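So that you can see what the record holds, here are the features copied from TrEMBL:
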TRANSMEM  48-67  transmembrane segment
TRANSMEM  87-106  transmembrane segment
TRANSMEM  121-138  transmembrane segment
TRANSMEM  150-173  transmembrane segment
TRANSMEM  185-207  transmembrane segment
TRANSMEM  266-283  transmembrane segment
TRANSMEM  303-326  transmembrane segment
TRANSMEM  346-366  transmembrane segment
TRANSMEM  378-399  transmembrane segment
TRANSMEM  411-431  transmembrane segment
TRANSMEM  730-751  transmembrane segment
TRANSMEM  763-782  transmembrane segment
DOMAIN    990-1118  domain 'Cyclic nucleotide-binding'
Amino acid sequence: MEEIQAMANVTPTEGILACVTGNCTENGTMQYENATSVSTSHHEHPPYQIVFIFGSCGVGAVLRILLRKWANFVSDWKWGSLLKIPYTVFLLLIGMVLEAIALAYPAEVQRYLLSEIDPELFLHVFLPVVIFESAYIIDIHVFWRSLGHVSLLAVPGLLIATMLTACLSLVLPEIGGLHDMQAKMYIALIFGAIISATDPVAVVALLKELGSQKYLGTIIEGEALLNDGAAIVVFKIFLELLKSTTPHFESLTALETFALVMQQSLLGPVIGWFLARIGSFILQKIYNDALAEITVTLSLTYITFYVGEICKTSGVLAVVTFGLALDRASITPAVDHFLHQFWEMLAYLANTLIFVIVGIIVVKHMDNMNIYDVGYMLVIYVCTTAIRALSIFCFFPFMKRLGLDLSWRHVLVMTWGGLRGAVGLALAIYLRSYEAILSPEVQSAGNRSSTYQSETSTGTQQGASDSQIDFEIIFEKILIHTGGIVLLTLVINASTIEAVLKKLGMLDVTHAQQVTMQNAVNRIQDNLKRSVGILKYDRFLADAKWNMVEDLTTVEYPYKNATCNDPEGDEENEGTIVEICHSQHATFKDLFEEARLRLIKALKMSYGKQYINGMLSDQEARVLIAAADTAADKPGEFINVENIRKNWKVRGTLPYIKGKLEDMMYSRKTTDLVPPRRRQLRKIFRLVTSAKFEIFMQCVIITNVVPIVLDFVVDETWENTEDWWLALQLVNIGFIIIYCIEVLLKLLGLGSKQFIKSRWNQFDILILIISFIEIIIDFTLIQSPLGPGNIVKTVKTTKVIKFGKITKVIRSLRATRLLRLSKTVLPRTLDFVNKLINMRLSFGYNVAKGFVAAEEEVSKLIISISENRNIQKKLMHASNNNRLTVTREMGLLQRDHPGIAISVKTRNAIRTILNNSRDAIQQLCSGGVLDETEMQLLERGVELRQKRLSNFPSTLAPPPPEDLLENIYWVKGNPKLLEFVKAHAVCMDYDYGDVIMEEDDVVDGIHIIVYGMIKLFGSLHGHIQQIRLRTDTFRNTFSAKQRNGDDDDDIPEANDEDFLGSGNIIGEMGLLTQSNRSCTITCETAVQTYFLSKEDLELAFGLFSKLKKAMWKVVAIRISAPLYLQHLEYQGTAIEQIHMHLSKGNIVELNETNPLFFISDDIIEVSIIYGEVKVPFTGEILKAPFVLHPEYEQLGIHNCNLAILLVIQREHLNVDTVASGLALKHNRGSRLPSISQVGGSLYGRKGSRAITTEELSEN
C-alpha cells in the first residue's frame, strides 16, 4: 500500500521529468525507488534540471558573444586565426568541468545535471532539429548541382571510411580483444559509422562568412548532410546485426538482411518526400501567418522523424529528405526570414545542450579510462584524417568529370574540414541504450543509465549466461573515444582551417573583386559627400561639427591589406576614398567575370523582389532563379532564353490530346451539313441536328444505366428471378428499338453519305451492332427458336444458362452503350485540357514578363556594376538581346492568346494596387491616423484579396477597343475629352511588315495600339526606359554635375530597338516637342491602332488647358523612372513604387516668357525632362534627361526655346492624404531629397514658381 500511495503522489510533471532524466521504464511507469524519492522531495527539491537546461543556453549565449569579440580582437594578429576556437569546444569543456564538480560534491551539484538522460530520448529530441536545420538552410540549387559529388562522398566514400575506421578500431583492447569474430566485426563497424559521421559546421560557417568558395562550402555541407543520414543507416543496420549475434535474438538470414538494408535506406526518403508534399500543400494555404507556418515546419519535422522510426526505417533520412523536398516558395516571403532565424536558434540551442551534456557524460564514464586511451585517441585521430583523405582522393577523378572545377586544394580543404560533432556524439550516447537490450541479465547498479525492456521472444533467456561480451565497457569506450575525436577535430581542425585556406590561397581577394569594391566605395563616398553638402543647408543642422561628421562617416576600404604590384600606385591617405591600383593581373577576363556574376545576382534579387511584391508566383520565381543559377555556373555565359522559353511553348501530350478531342468533336460541324431537298426530310434534319434531340438521347442513355446495373445485380437467389430476367430483357429490347429509331431518323435527315462521314454516327452504329450481337448470342445459346409469342417461353427455359459465366460476359456488352455518354464528357474534357494549356501559357507569360522587368531594372545598374566601358557594353548588349528576344516572344504570345496576356496584366494590376493599399494602411498607422487594431483589420481585408488572386482565371476576354481610349491617363476622368477623342480617333489597320512611320518624318499625330505588336528602331528617347552608355550619362549619374555639355558631342547617338504591344501610345514626344520622328516603326504582326491627327490634338490643347501638361507628365514619368534607379537611395525599389512617387509631381515649363525656376525648401527632387537648364550662379549646364536634388537655388533655361521640369514636392500628411509608401534608407533634412517623409518645412523661404521676364527685369 505504501508503494501504491507513493506512486499516486507523483504529479504528471514529475513523471515527465523522471522520463527525461532516465528514471522511467519503456511503458512509461516509474520504478518504485525513483517514484518514492520524487514524491518525498516534491516540496523540498524542485526540478533543478530546468535550471541546467536554461542555464546552459544562457552560458552558451554569453560564450558566443565573448568568442565573437575575441575573434575580432585577434583577427589582425599574424597568427590570430589559430586562436579562434569554436564555441562548442568550450561547451564540451564546461560540461566536463560541471561533472567533475558534481563528482566532488554529488549532493549539491548532481541533481542539477542531466547526466542520467534517457539516451533514446536524447537522440529523438535533438537530432531532428539539427538535421532539418542543415537541410533547410542549404542552397538548394547548388546542392542539386553538386549532388553527384555529394553522393560519391556520402555513400561509397562513407562506406570506405567506415570499413577502414573499423579496421583501425581493432587497436582498442576492448574491441580487438573480443573472441567472437562476428560480434567484433559488427562492433568495429558500428564504431566506424559513428566516427565517420561528419559535422563541418565551423568550416561551412567560415566559408560563408568569408564569402568565398560557395560551391566548396555547399559540397562540404551537403556531404555532411547525406553523410549523417547514411552513417545512421549503417549504424542501425550493424546494430541490428549485432543483436542477432547474441543468444537473446534470432539470427538474420541473407534475405532478411537485404530487406533490412532496403528498409533502412529507401523507406525513409519516401516518407520524407511524402510528408514534404503534405507540408508544402499546407503552407501554400497559409498566408502571412508566421506562427502557423513556423509551427507547421516544427511539428512536421518531428512527425517525419517519428513516422520513420515507427516504420522501422531511418528517421534521419526521412528528415533529410523532408528538409530538402519542402517547397521553400510555399512559405510566405515575409515569414521566410523569421523561419530561418527560428530554426537557426533551435539548432544553436540543440548543439549547445548536446555538447554540454556529452561533456558531462564523458567525465561520468571516465572511471575506466587510462593513459593508453589517450594514445589510442591520438592514433585514431591521425588515422581517421588520413582515411578521410583517402576516401576523397579515391573519387576525385570521378568528381572532376561531373562538371565542377575542383582541384587538389579543394580536396585538402574537404579533408581537413571533416569535423566530427553532434551526430556522432548523439549516436555514441544512443548506443548506451542497448547495453541492457544486448545483456539483459547484466543490470547496472547505482546511478547507471536507465534500463530497457528486452525485445526478446519466448525462450530468449536460455543461454544468456554463455555471453562473455561486456557491452557496458565497450560502449563506454566508444563514447569516450568519440568525444575525444570530436574534441580534437574541433580544437585542431576547426581552429586552423582559416590558416589552411589562407595558405592554399583560397581566401585571396582577386583584383577584379578589389576593383569592384573600389567602385562601390567610391559611389558610397560620393553619395555621402553629396548628403553632407545638402545637410549643411538644413536650418537645424547648419552649426553641426562637420569635420567630425565627415571623419566618422567615412567608409573604409575593406581590402586595405590586399597587396598591389603596381609601383605607381597612389599612397593611401587616411580619411579619403581608398584607391587601389589596376594591376596588369586584373585582366579584362577577370573583371568581366566578376561583373557578369554581379549582374546575374542583381537579376536574382529583382526576381526575389517581384516575388515578394506578388508580381511572380513561387514557381515562376523559382524558374527564373534556376535559370540565373545555371548561367552563373558557366563562365562567360548569360541567362539562356531557351531555358525559359520552354515555359510558354506548350508541347507534348496536352496539344496532342487537344487536337484529337477537337478532331473527334468537330470532325464535321453542323453548319457544314447540307439539308435534304424534300420538305419532310428537312424537318427530320432540323430535328436530329437540334440540341433538344441530343439532350433527349443523352437522357435515354442515362436511364439505360439502371437496367444495365440491375442485369449484373440480379442473382438466382432472388425471388421471382425469372420475372426479373424477363423484365430486363424486354427493357433491353425497348432501348435497342429507341436506338434503332435514332439511327433511322439520322439516316433520313442527313442522308447516308453525310451520316456515315460522322465519327459519332459510326460509333452509334458500332454500339447498335454490339447490342444485336448480344441478343443473337443470348438466344442462340439457349437453343430455342425465336418467334412471335415465344419470348417468355425462351426466357423461362434458360435458368441455368443465364447465370453462367458466358451469359455474364454477354450481358457486359450492354455496358458499351455508356460510351455514348462521351459525347457529353468530351466537351468538358476539352475545356479541362484547354484550361491546363491556358494555365501553362499564363505561367509562361508571367515568367517572360518577370524576366523582361528584371532585365529592364538591372540594365540601369550596369554602370554601377563596372566602370570599364567595354564590360559595360558587353553586359548591356547581352541584357538588351535577352530583353528584346523575350519581349518579342511575349508579343507573339499575346497575338495568339490575347486572353492570357489580359489575365496576367489584370492580375498584376490588382496585385500592385493591393500592395499600394497595404503600404497606405501602414503609412496611416505610422502617422497616428490608425491604431494597431484598425490597421490589422484593414490589412486582413487586403491580404484576403491578395490570397484570392491565387485562383484568378488564367484567361480573360479582351476588352473592347473603346476601353483603351477610356483608360488613357490624360483622358481618364474627363468625359468631354473622352468624347472628343472618340469622335476624332480613326481606326487604322496594318499588315505584317508595314511601316507605320519612319525616322525624320514630320509628326502628323499619335497612334494608340489596339492590337498587335510593333518594332521600334532608332532613338527611343521618351518611348522606353533605356539608359545609353555615354560619357555624359556617367557624369550625370556619379558626379551630379555637368561642367560642359559639349565634351561628348563627337560620340554618335546609339540606335536602340524595342517592341511594343497593345495599350501603348507612340508619337507623344514628337508631338509635344514639335520635332520630327526619332525612330522607325514597323509591324511585327497584324496591327490595329487608333490615330489622332496633329491638327485634332492641337485643337484639343486649345479646348482643354490641362491636356498638354498631362501628356508631358506621362512622358516625364516614363523618362524619369530609370534615372531614379541609378541612385543608391532608390536601388532595390520596385519600379511601380517609383511611378507612384513620380505621379505626385507637377510639370513646370520654362520658355522665353518664363525663363527661371526657383527651388524652395518644399521641393525634394527635380527631373529635367526636355531641354537644357543652367545654374545662374555657378554656370553649370544640365542636360535632359537628368535628376537633380535641391542643392541649387534656381534654374534657368539655356540654349533652347523650351525646357520641361518634373517637380516633386514634399508631402504634408493629414487625414485626407497618405504619404508615399516609398522611403529611403536614411533620414533627410528639409533640403535633402526624399520620396516619403511625414511633415515638412513649416517656414520655407518662398514658394516654388517660374519667374516671368518682366519680374526678372524688375529685379
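Each residue, glycine too, has its Cβ placed from N, Cα and C.
Remember, it's a predicted structure, so these values are computed and weren't measured experimentally.
Stretch with the most C-beta contacts under 8 angstroms to the transmembrane segment (266-283), considering only 87-106, 121-138, 150-173, 303-326, 411-431: 303-326. Taken as a whole, the domain 'Cyclic nucleotide-binding' (990-1118) shows an average pLDDT of 74 in this prediction. The stretch from 121-138, 303-326, 346-366, 411-431 with the most CB pairs below 8 A to the transmembrane segment (87-106) is 346-366. Residues 19-20, 22, 218, 221-222, 224-225, 228-229, 297, 301-302, 304-306, 309, 315-316, 319-320, 322-324, 326, 340, 343-344, 346-347, 350-351, 353-354, 357, 422-423, 426-427, 429-430 of the same chain lie 6 or more positions beyond the ends of the transmembrane segment (121-138) yet place their CB under 8 Å from a CB of it. Long-range Cβ contacts of the transmembrane segment (150-173) within its own chain (Cβ-Cβ under 8 Å, at least 6 residues beyond either end) map to 143, 184-185, 187-189, 191-193, 195-196, 219, 222-223, 225-227, 229-231, 234, 376, 379-380, 383-384, 387-388, 390-392, 394-395, 398-399, 414, 477, 481. Below 8 angstroms of C-beta separation, residues 148-149, 152-153, 156-158, 160-161, 164-165, 168-169, 171, 195, 406, 408, 411-412, 414-416, 418, 481, 484-485, 488-489, 492-493 of the same chain, each at least six residues beyond the ends of the transmembrane segment (378-399), sit close to that stretch. When each of 303-326, 346-366, 730-751 is checked for Cβ pairs under 8 Å to the transmembrane segment (411-431), 346-366 comes out on top. Tertiary proximity for the transmembrane segment (730-751) is limited to same-chain residues at least six positions away from its ends with a CB under 8 Å from its CB atoms, namely 673, 676, 681, 684-689, 697, 700, 704, 707, 711, 758, 761, 764-765, 767-768, 771-772, 775, 791, 814, 817.
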